[in-house]
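Asker: Quick one: the structure is below, and I'll ask about it shortly.
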Amino acid sequence: FCLMAAPGKVAAFRLPPLPTIGEIIKLFRLKALKQLSQNFLLDLRLTDKIVKQAGELKNAHVCEVGPGPGGITRSILSAGVEQLLLIEKDARFIPGLQMLSEAAPGKVRIVHGDILTYKMEKAFPKHLKKNWEDEPPNIHIIGNLPFSVSTPLIIKWLENVSKRDGPFIYGRTQMTLTFQKEVGERLTANPGSNQRSRLSIMAQHLCTVENCFIIPGQAFVPKPEVDVAVVHFTPLVQPKIQQPFELVEKVVQSVFQFRRKYCFRGIETLFPENGRLKRTEQLMMTADVDPTLRPFQLSMSQFRNLCNAYRKMCDEDASLFVFNYREELRQKKMRRSLPGNTGQPEQTEEENQL
């Protein structure tokens, strides 16, 4: 259909009368699958509130991840978007989404596929591209993510931000996504907070991360055991740590390996057993980091110093970056299990933890 506007006025986009989300679920006999950690959000006031956090969507291009029965989809269309790309892995939801597509001719494109493997580089028109230093492009990613996919997906997208590829080939594309409340708290945690983690550093060094609001678990069907956080990401013009994603991730993962111990203990795992203590001391002195701080107490600038110092050491010794502490432990374990090696020491508490 076509909405006629009075001269000089833009008509607001309105979806024609449609079955409610609850009716769609009944009509197509949809059931949330526990193994896919699916939870439906049926309250359109809440879906409108999520979409509002994305910012001004009039004439924007939006990708919705895992639309399910289409609650958030309706709110996105009602915001007056130019184009909406829906990526849904579960084929059971496609017929209901096609009803929405038919109600908004020319606005909706449905892809039956997995967001973890979908090539986002070609998802939007080329003319929308902006320089990285410019304002974010008129492109948004929105999604009520299944808990099982939310953490691996945000890590994948943070790597894309770092490399300016995937959905960020168009510029600093903004994202508005749902996470378990605890994951949302980790993403935004400050130094000293118990929730401070690898996820805090990886997200905050690349993006402005805002924990917008909490949706109580009882708003979902079926009700999850946890509340849900809506988190908004805007990529930074300059990352806070100017090193390759893989290097930052390796250092941050190592530091948080033993989060209850001094950070010295985790940093040791960056180095082979031969010369480990000396190299760990060298790294901490160069980075000017107190070895008796706990991992969650370290500031972003201290992580930056650690990454810069570790990069310098890797440049001087190319074998350092490929060293894998877990592989070293595995080899030691194998040697211990060989016949005749009864004198080898038992596994340490740290080895068991790993």
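Numbering starts at 1 and runs along the chain as displayed.
Just so you know, glycine gets a Cβ as well, placed from its N, Cα and C.
Positions annotated as S-adenosyl-L-methionine binding site by TrEMBL: N39, L41, G66, E88, D114, N144. The feature domain 'Ribosomal RNA adenine methylase transferase N-terminal' is assigned by TrEMBL to 46-237. Residues or ranges marked as region 'Disordered' in TrEMBL: 334-354.
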Asker: Suppose we draw a 10 Å sphere around the Cβ of G66 (S-adenosyl-L-methionine binding site). How many other Cβ atoms does it contain, all chains included?
Answerer: 23
Asker: Listed S-adenosyl-L-methionine-binding residues N39, L41, G66, E88, D114, N144 - what's their greatest C-alpha to C-alpha distance in Å?
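Answerer: Maximum Cα-Cα distance: 21 Å.
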Asker: When you tally the Cβ atoms that lie within 10 Å of each candidate's Cβ, which of the binding-site residues (E88, D114) has the highest tally?
Answerer: E88
Asker: Could you pull the average pLDDT for the domain 'Ribosomal RNA adenine methylase transferase N-terminal' (46-237)?
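Answerer: It averages 95.
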Asker: Please name the residue among the binding-site residues N39, L41, N144 whose C-beta has the most neighbouring C-beta atoms within 10 angstroms.
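Answerer: Highest number of other Cβ atoms within 10 Å: N144.
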